[in-house]
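Visitor: Quick paste from Swiss-Prot:
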DOMAIN    6-151  domain 'MGS-like'
BINDING   His19, Lys23, Thr45, Gly46, Thr47, Thr48, Ser65, Gly66, His98  substrate binding site
ACT_SITE  Asp71  active site, proton donor/acceptor
Amino acid sequence: MQKTTRTMPAHKHIALVAHDNYKPELLRWVKENKEKLQSHFLYATGTTGHMLSRETGLAIKSMISGPMGGDQQLGALISEGKIDMLIFFWDPLNAVPHDPDVKALLRIASVWNIPVATNRATAKFLFESPLLNEEVDVEIPDYQAYLAGRT
């Protein structure tokens with residue numbers, strides 16, 4: 001597939017997601033990184049977003065709950081170039097009814113080449129990066145070229 005470049009802004013659009021068993025862990029991480037998060041645009045699946053906003057006071061645009069389609073809503077935003085980073089504390093030891101949605105969200109994040117943290121260590125590396133607050137060029141699929149080749 002042909003590639004093109006997209007410039008991520010200095011103020012990133014960051015999606016925050018956590019499975020039920022990892023919501024307390026994500027909340028702790030968000031509290032630890034609240035100062036950094038305040039300068040970015042935050043999105044989350046419904047239950048997670050409402051909990052984080054209530055507990056931290058951060059402005060978070062909440063989708064609907066993950067099992068009800070929130071993961072897919074975030075995936076759509078990623079494919080539209082409206083999400084720059086995904087912090088997803090998923091539970092690798094428990095299956096959830098919407099596992100196919102989870103896999104689709106992680107797949108679409110990979111397709112559109114956005115940074116993804118699935119645990120605290122990776123989230124720490126991303127948030128310690130000097131690129132967090134800078135414009136960053138990333139290669140993404142050239143959808144227009146893809147479409148032209150298929151029609």
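Every residue gets a Cβ built from N, Cα and C, even glycine.
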Visitor: Write out, in the order they occur in the sequence, the residues of the chain not among His19, Lys23, Thr45, Gly46, Thr47, Thr48, Ser65, Gly66, His98 that have a C-beta within 8 Å of the mean position of the C-beta atoms of the recorded substrate site.
Guide: Val17, Ala18, Asp20, Ala44, Pro67, Gly70, Asp71
Visitor: For Thr47 (substrate binding site) and the residue listed as 'active site, proton donor/acceptor', what Cα-Cα distance in Å is obtained after rounding to a whole number?
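Guide: Spelling it out, the Cα of Thr47 (substrate binding site) and the Cα of the residue listed as 'active site, proton donor/acceptor' are 12 Å apart.
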Visitor: If you count Cβ atoms within 10 Å of each one, which of the binding-site residues Thr45, Thr47 comes out on top?
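Guide: By the 10 Å Cβ neighbour count, Thr45 comes out on top.
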Visitor: Measuring Cα to Cα, tell me the gap between Thr45 (substrate binding site) and the residue listed as 'active site, proton donor/acceptor' in whole angstrom.
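Guide: The Cα atom of Thr45 (substrate binding site) is 7 Å away from the Cα atom of the residue listed as 'active site, proton donor/acceptor'.
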Visitor: Let me know the largest Cα to Cα distance in Å among the substrate-binding residues His19, Lys23, Thr45, Gly46, Thr47, Thr48, Ser65, Gly66, His98, as an integer.
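Guide: Output for substrate binders His19, Lys23, Thr45, Gly46, Thr47, Thr48, Ser65, Gly66, His98: max Cα distance 17 Å.
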Visitor: Can you give me the same-chain residues 6 or more apart in sequence from Asp71 (active site, proton donor/acceptor) with a CB-CB distance under 8 Å?
Guide: Val17, Thr45, His98, Asp101, Val102, Ala104, Leu105
Visitor: Give the number of CB atoms, excluding that of His98 (substrate binding site) itself, located within 10 Å of its CB.
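Guide: Cβ-Cβ neighbours of His98 (substrate binding site) within 10 Å number 19.
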Visitor: Check the DSSP secondary structure of Asp71 (active site, proton donor/acceptor), expressed as helix, strand or coil.
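Guide: Asp71 (active site, proton donor/acceptor) sits in a helix per DSSP.
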Visitor: For His19 (substrate binding site), what is the tally of other C-beta atoms lying within 10 angstroms of its C-beta?
Guide: 21
